[in-house]
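*Asks:* Next up is a structure, given as structure tokens.
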Amino acid sequence: MDNLLPQSRFSYFKKYPIHAIRKYLSMLRNQKEEEQVARFQKIPNAENETMIPVLTSKKASELPVSEVASILQADLQNGLNKCEVSHRRAFHGWNEFDISEDEPLWKKYISQFKNPLIMLLLASAVISVLMHQFDDAVSITVAILIVVTVAFVQEYRSEKSLEELSKLMPPECHCVREGKLEHTLARDLVPGDTVCLSVGDRVPADLRLFEAVDLSVDESSLTGETTPCSKVTAPQPAATNGDLASRSNIAFMGTLVRCGKAKGIVIGTGENSEFGEVFKMMQAEEAPKTPLQKSMDLLGKQLSFYSFGIIGIIMLVGWLLGKDILEMFTISVSLAVAAIPEGLPIVVTVTLALGVMRMVKKRAIVKKLPIVETLGCCNVICSDKTGTLTKNEMTVTHIFTSDGLRAEVTGVGYNPFGEVIVDGDVVHGFYNPSVSRIVEAGCVCNDAVIRNNTLMGKPTEGALIALAMKMGLDGLQQDYIRKAEYPFSSEQKWMAVKCVHRTQQDRPEICFMKGAYEQVIKYCTTYHSKGQTLTLTQQQRDLYQQEKAQMGSAGLRVLALASGPELGQLTFLGLVGIIDPPRTGVKEAVTTLIASGVSIKMITGDSQETAVAIASRLGLYSKTSQSVSGEEIDAMDVQQLSQIVPKVAVFYRASPRHKMKIIKSLQKNGSVVAMTGDGVNDAVALKAADIGVAMGQTGTDVCKEAADMILVDDDFQTIMSAIEEGKGIYNNIKNFVRFQLSTSIAALTLISLATLMNFPNPLNAMQILWINIIMDGPPAQSLGVEPVDKDVIRKPPRNWKDSILTKNLILKILVSSIIIVCGTLFVFWRELRDNVITPRDTTMTFTCFVFFDMFNALSSRSQTKSVFEIGLCSNKMFCYAVLGSIMGQLLVIYFPPLQKVFQTESLSILDLLFLLGLTSSVCIVAEIIKKVERSREKIQKPVSSTSSSFLEV
């Protein structure tokens with residue numbers, strides 16, 4: 001019978017078609033699900049019942065775990081069932097960031113044409129086509145397409161910051177559901193889920209912890225705190241959990257478990273987490289327009305205004321003189337189109353692109369072209385402390401032994417490079433027992449490991465291992481066998497281990513302890529002094545307390561160390577001072593920047609003592625400086641903060657929201673703000689600042705994507721080079737504007753005067769086209785690659801409100817234009833004495849204007865320095881461009897086929913020498929003006945040095 005049973009079952013199913021079997025199985029599955037629903041009455045009906053709320057981390061930290069579980073209707077041990085999870089997900093959504101679909105790429109491309117200068121050029125191109133000036137139309141269109149495409153590519157590349165946030169969410173996690181531990185996707189989590197954490201895990205959502213064993217979480221990417229936070233499960237009083245760093249019973253999404261294990265209940269997912277707050281701020285924040293973009297917009301509007309003004313004036317005068325109105329309109333529009341510098345956008349783009357290439361050589365990646373120039377008018381740098389001004393590598397710098405010896409420790413980071421120096425002598429191994437006992441205790445009572453200069457474990461423990469490596473004692477960790485361990489907790493604030501030496505296992509066990517001085521000293525009854533063990537007196541306790549206070553006031557994190565046979569009978573060994581040290585070269589860069597008129601402010605999540613100590617070491621903080629906390633910022637309105645923010649050097653306990661508020665206040669005061677940072681907590685501020693600067697090595701992906709510039713080797717000094725580059729680029733753009741506008745105005749005036757005064761036209765159409773090519777061609781373009789003046793870093797940042805067309809620049813443009821017009825008209829009048837226009841007349845006039853152009857370009861290479869001071873051949877591209885233009889002009893004059901096209905004839909050597917002498921006047925006058933200006937500056941310098949400028953923020 002048993003043998004027949006399987007066959008009979010198979011025979012039973014054989015009677016029915018396959019679709020009937022499927023229907024039967026589906027019915028059983030539905031019945032099972034209905035039973036589950038009946039069993040779990042907590043499942044709310046989507047239409048009739050209230051959905052599970054989302055708790056804020058602040059509220060959840062104040063409540064007992066049982067109350068949190070009750071509010072979230074969760075079972076801490078068994079977790080949620082799958083039906084409940086599905087229903088909650090339908091309401092709360094996936095545990096991910098919803099990056100909304102942006103407008104199509106073609107719309108983004110079209111939006112680039114909204115620039116006033118681009119719109120003006122478009123109008124010029126259309127008019128050129130209507131007037132059959134196809135050469136102009138093609139050149140203008142090509143210029144527009146190049147500029148618009150470059151701007152589009154830069155903008156597209158910069159819009160990745162929101163997508164990068166999702167990378168900090170772990171793809172998978174361990175979650176308890178229906179009483180079973182599951183390996184599930186982090187995006188599947190919902191409020192009320194139970195999550196298990198262990199070493200190396202990245203927290204998948206905001207969790208209210210209900211179990212924690214020696215749990216330590218690295219929150220530096222979110223809060224800026226260097227030291228991993230020890231976590232507990234007890235409720236937190238409302239008065240003590242104001243900032244994220246103080247919520248010790250919450251594990252935040254995106255942070256990293258450094259030590260221990262824990263369980264927590266999900267209180268916030270996706271955008272409802274603290275990480276989500278950063279995401280929403282980034283989504284709402286728009287990158288501000290750069291000063292150069294504002295200047296270009298203003299210049300475009302000014303040129304539009306002047307162009308329409310010219311059209312109106314010429315038409316009015318022509319009408320008053322009785323000329324044909326349509327003919328006058330045609331002439332005036334042609335002149336206005338010719339006067340518009342279509343080469344300006346290309347020169348700006350090329351100049352910025354070359355600046356970006358030079359910055360790459362200096363180990364800085366600039367993601368947005370205009371940002372290079374913006375650095376030139378930056379007058380405030382807000383810098384994150386951790387990882388930017390400091391290395392984010394905890395390092396022991398001071399040792400104080402129980403018998404009063406003080407040792408200094410050199411070297412930085414988790415490596416053996418450095419020395420321990422006592423009274424000028426280098427200490428190594430067991431040469432100094434007082435020091436070596438401290439190092440031994442710190443090395444043995446330690447769970448950290450350093451491999452290939454990379455730390456695995458807590459930063460403070462890594463600092464102690466690095467200290468042992470410097471003394472050649474790091475092998476002590478393997479010399480002892482650990483028998484018992486008393487893990488660190490935030491309540492007891494110490495860690496201890498009970499060990500025996502591998503070679504002396506028959507001897508009594510020895511305890512090693514490290515931790516907060518106030519706690520360790522309670523377990524000590526004796527202290528070491530010059531090889532002897534003496535009873536610990538109150539006088540000695542006071543001495544150690546005083547030394548600990550001094551180290552703390554210097555911004556050091558102080559650890560006490562002890563050893564002995566039992567926890568209650570320990571011998572006090574001494575103190576070590578640990579700090580996250582400043583980066584090499586930062587102090588020098590800070591000094592140079594401050595001297596050049598740039599104010600630097602430190603913004604950090606660290607404590608006031610640590611922040612002020614580091615700022616003092618870097619020269620950012622003095623006795624007269626102020627420091628403000630994040631809580632104080634919250635208590636101020638925008639007006640109050642705007643008044644106080646220029647006077648503050650250090651902002652401590654600052655969250656991403658505080659950083660945003662600080663930057664907005666500075667910008668409201670008219671400052672151009674650069675923000676440096678490396679963590680997720682910096683991303684929003686980096687995007688809001690005029691210039692966001694991220695660290696390349698230590699920076700998170702989110703931070704790098706939100707930034708405008710990335711320092712490849714994390715060198716703060718590179719910012720100084722970038723500012724120098726920015727100032728130089730702006731000078732080059734001004735040089736180009738001066739040259740092109742002076743030449744354009746001269747050509748415009750020359751033809752306008754001839755038209756309005758019924759003179760014969762001094763230049764024919766082909767000659768005007770050739771001049772237009774030179775105006776926008778190689779000589780003009782080469783001004784954009786003029787080497788950066790090394791003196792520029794000493795100049796104060798320019799006011800971003802200033803137009804490119806300053807009064808001084810307009811004066812120089814007009815002077816050059818007047819000289820060119822007068823000189824060219826003089827030649828034309830001189831050749832026209834016979835009252836008959838011949839090819840020689842136009843050739844002399846044409847060549848005169850071209851030579852004026854070359855000398856005008858030469859004088860435009862610098863607004864302040866003499867041509868001989870900067871070097872005639874320092875800009876090789878300029879030399880080649882001018883030489884090429886002159887060769888082209890000579891071909892036009894002497895090459896027969898071109899003579900027919902341009903209606904020219906050969907000139908004598910004396911003619912050329914006469915023209916060279918006359919046209920050099922524009923350069924000579926410009927050099928005289930520079931000399932007068934420099935002399936005036938020297939006289940005014942003592943007066944101006946005593947007055948404050950707009951830069952002092």
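Backbone N, Cα and C atoms are what each Cβ position is placed from, and that goes for glycine too.
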*Asks:* Consult Swiss-Prot and decide if Arg88 and Thr864 are found on one and the same side of the membrane.
*Replies:* yes
*Asks:* Rounded to a whole number, how many Å is the Cα of Asp678 (Mg(2+) binding site) away from the Cα of Asp384 (active site, 4-aspartylphosphate intermediate)?
*Replies:* 8
*Asks:* Please figure out which one of 734-753, 805-824, 843-862, 876-894 racks up the most CB pairs under 8 Å against the transmembrane segment (910-930).
*Replies:* 843-862
*Asks:* Which whole-number value in Å describes the distance between the Cα atoms of Asp682 (Mg(2+) binding site) and Asp384 (active site, 4-aspartylphosphate intermediate)?
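*Replies:* Cα to Cα, Asp682 (Mg(2+) binding site) and Asp384 (active site, 4-aspartylphosphate intermediate) are separated by 8 Å.
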*Asks:* Tell me, what is the mean pLDDT of the topological domain 'Cytoplasmic' (1-104)?
*Replies:* 63
*Asks:* Using a Cβ cut-off of under 8 Å, list the residues of the same chain at least 6 residues beyond the topological domain 'Lumenal' (825-842) that approach it.
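*Replies:* Contacts of the topological domain 'Lumenal' (825-842) (Cβ under 8 Å, skipping residues fewer than 6 from its ends): 750, 753, 760, 762-764, 767, 848, 899, 903-905, 907, 915, 918.
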*Asks:* State the three-class DSSP label for Asp384 (active site, 4-aspartylphosphate intermediate), counting H, G and I as helix, E and B as strand, and everything else as coil.
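*Replies:* In the DSSP reduction, Asp384 (active site, 4-aspartylphosphate intermediate) maps to strand.
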*Asks:* Excluding the flanking five residues on each side, which residues at least 6 beyond the ends of the topological domain 'Lumenal' (895-909) place their CB within less than 8 Å of a CB in that stretch?
*Replies:* 764, 766-767, 770, 839-840, 842-844, 846-847, 915
*Asks:* Including all protein chains shown, what's the count of other C-beta atoms within 10 A of the C-beta of Asp682 (Mg(2+) binding site)?
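*Replies:* Its Cβ shell of radius 10 Å holds 35 other Cβ atoms.
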*Asks:* Can you tell me how the residues of the topological domain 'Lumenal' (825-842) break down into helix, strand and coil by DSSP?
*Replies:* 11 helix, 0 strand, 7 coil
